[in-house]
């Protein structure tokens, strides 16, 4: 394998492709140079098809730029490079010919711990979670298939656990006898410790390795727990070799979890790794409206938009705000409108305003773009300054309750029309500029959490 060639391609792709797309589609690829072909090995059909449709042409162009005299071509395959030192190749035969399930009698049905309210029908889809939902539905239709394991990562309250339960509920609906278990990684550790204390580790192993689907939440909790990681490693391998589904969630990309063994991180990449981002405005509104309908609450559109614009971090925060508005309306007998919502959420909104100030936004944006706050306030008009300045103005409008004139004044005494132009300019550019869209999402996430 020619590491330098693929590394050179990756370095360029890192400058062109948003981080989330790199983690999902490019970094799972393994490369092997064979003759005049750079073979890229994808972990599954889903990744292969996406790379072929969206990135293979660009990768081919990069090969021509890096080694113009060799006339290299790109070939895509599913699997691992045929290199002796690749551990995945050593297990290839095992994965191709699944181990036989134990001949022992099946244990009695397990308590799945599934929440029946978490289904695909009750999950509100948006751009931020579209891929995660699609992958989860594929797993529900074909558990143990190509997307095994399925690894969902993202911040708190974004729907990872909901999707995991939705898969489990769908599997149980199709196969009521299926042994599906959902649990938090903390419980896995606690049960393992208890089994060790009572000399019942073999029973513990049989329990987990006889499942049809294991859904385990917040695997970052395993960090630093070597004995727990060892047991989960063997459980994970046993389930995958038997073509039983594993789904995991984490609050960050698996390779970013410190204290997690490299062999676990490597195996997590065998299937499909998908990020869930904070919901965009339209999705936040849809979440509020959907929740209101399920609860029998008449929520006016203008109230839904008001709440969605002010609260941006996650779904739980939105649902908590709706519960507070609903409870206040029931207790007071008043109709729900924007003024009532402001009153019901006044302490929450005050906290939000206190946490996110124009000064804080300016410092965050300046640090992100590696410029000085003074540059944002100056009269300089170079693109390296105006773009961050416009971004900061948009975020000030989005994240604070300040008026346009107040925002303009905070940016070196500019008028409201300048702020309005900046907002329209950034919103327009985001539609076509993936890198700018990623900047916006990163800054919004940083300031909203």
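Just so it is clear, glycine is given a Cβ too, placed from its N, Cα and C backbone atoms.
Keep in mind that what you see is a predicted model, and the values were worked out from it rather than measured.
Quick look at what Swiss-Prot annotates:
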BINDING   157, 159, 160, 161  ATP binding site
COMPBIAS  89-99  compositional bias 'Low complexity'
REGION    1-83  region 'Domain I, interacts with DnaA modulators'
REGION    77-114  region 'Disordered'
REGION    83-112  region 'Domain II'
REGION    113-329  region 'Domain III, AAA+ region'
REGION    330-449  region 'Domain IV, binds dsDNA'
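Mapped onto this structure are the features recorded in Swiss-Prot.
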residue: 157; record: ATP binding site; CB count, 10 Å: 18
residue: 159; record: ATP binding site; CB count, 10 Å: 28
residue: 160; record: ATP binding site; CB count, 10 Å: 27
residue: 161; record: ATP binding site; CB count, 10 Å: 19
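Under DSSP, residue 159 (ATP binding site) is assigned to coil, being neither helix nor strand in the three-state scheme. Listed in chain order, the extra residues whose Cβ falls within 8 Å of the Cβ center of the ATP site residues 157, 159, 160, 161 are 154, 156, 158, 162, 163, 249, 276, 314, 315.
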